[in-house]
């Protein structure tokens, strides 16, 4: 079981701080960013299996990150974090090639489950069973 | 971190919460009750003052004018009637005197004939008795004009004439001897007596004719003077009446314009008497109170609309701290055993801070949305602007608009209603957001105004600008350029009302394609003295 490379982008510092170890526990190699510009730079440098990005951010928003990732490499699974259930935004994200979306507030296991499904789709399953602890 | 403001909010959540709590405490509704109570008291005072004056109604003035004209006419008519009666009286008298004269003259003609031809003296006696009858039957009339003396003299003259003629008749036809002498002497006496009677009557007639002429010309003059006086009375009365009514109408026109411009000062007595317009003044005062109450409702409902547009943003904003708490809480439970104390402390601190952040967001929104009447307090405009920008921060973030806030240090406070002023600022900021393109900038500045003792708040966007042809209408109620259902068209009109009430002004400067600047000027509070001192010390002043 190889490690899954995950990039986590959210301008809330606590999200990265707490989710990095949470995802690491299920076998993810996580890089955390608060600044979308820096995150995009990193995406250009390195291939990630999964990109988790918040939608509403200043400067560059999640939608632009999605477009950037899709344009660069179709294999990367992008998971969008929406502020609250904005169905139109979510639908738009799915149309643009997002793997899935998750609405704040969410439990770490909710995100783990989605990442696990993404890993499954990539053929790199991780050590997490959906509904394991939820 | 999204924006500098966002950063500030996250860094000092405790300060924000304290501020929010303070606001909640002093907004216990007491201020609102007091203000409403004060207005009711002002209204009652104005009512008493208006009614305390002695009454002199327009109706009374009209009646008085008519009564005066009627009285004057009555006096003149009585005067004229009396003149006519007098003329009539004199004419009748003259007629009587004429008849009398005719009789006497006839008697004298017989007398003359007798002297010349010795005929018909007896016939003369008939005329004398006719003259006597005339005097007798018109006794009262003659007495009223000539008095008793003249009448008696006329009577006695007549009697003596009669006696003399009788004596002459008694002497018979003898024309010689001593009788002839006596007769001659008697003849002279008769002549003299006749002459006297005629001259007395003629004199009377002349005098009365003169008196008649005088009476007639006096009556004529009276006619003319009466007309002139009536004209004068009616002119003066109409003038006073018209001026009184027209002045009042003009005055109420001014009141209407004043009220329309948002000045809700109650009408207080200006004249020393009360009339029909006093009722109008009371009604207008009542209307002003009602309009004020309605406006408050309107402001509140408009505010709730603004809250509605903000709520989505605020919900989104709330999701962040809640998400942080949720993630941290779950990880705390999941990793409790494997976590050291320091890490646990860090996690719980995050939870507490994020909870406070959520509380501050809610408090700010509720503080803005809460219904309350006007509460006046010295306000720090820079703080208010920061709170307002925080309220709109999510809208800004979603529209990807960067807001820059700057303020001059040690600005004096303004005296006003914090909720209403924040509503104005929020309105201007939301308008600026709507006018800006994604990725645009908005500048909010507070600085001393050009006029002394005023501060100016500028909200500047670099958006599309307002076309010249609608620039004049933007403060009109219900004027909007937004699509139906998006804007009420009341924001700027209401903002202007609020700022006018605070003694300030809203001005707009716009260049199509370059953006728009809204400038709100507000008078600074002149107390407490400490703040004023600081103001003077500040190099900016």
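Counting starts with 1 at the first residue shown.
Backbone N, Cα and C atoms are what each Cβ position is placed from, and that goes for glycine too.
Sequence annotations record features per position, and here TrEMBL assigns domain 'Response regulatory' to A:5-119.
Residues or ranges marked as 4-aspartylphosphate by TrEMBL: A:54. For residue A:54 (4-aspartylphosphate), the same-chain residues 6+ apart in sequence whose C-beta sits under 8 angstroms from its C-beta are A:9, A:10, A:11, A:12, A:15, A:62, A:81, A:83.
Model confidence over the domain 'Response regulatory' (A:5-119) is summarised by a mean pLDDT of 89.
Secondary structure of the domain 'Response regulatory' (A:5-119), assigned with DSSP and counted as helix (H, G, I), strand (E, B) and coil, comes to 54 helix, 26 strand, 35 coil.
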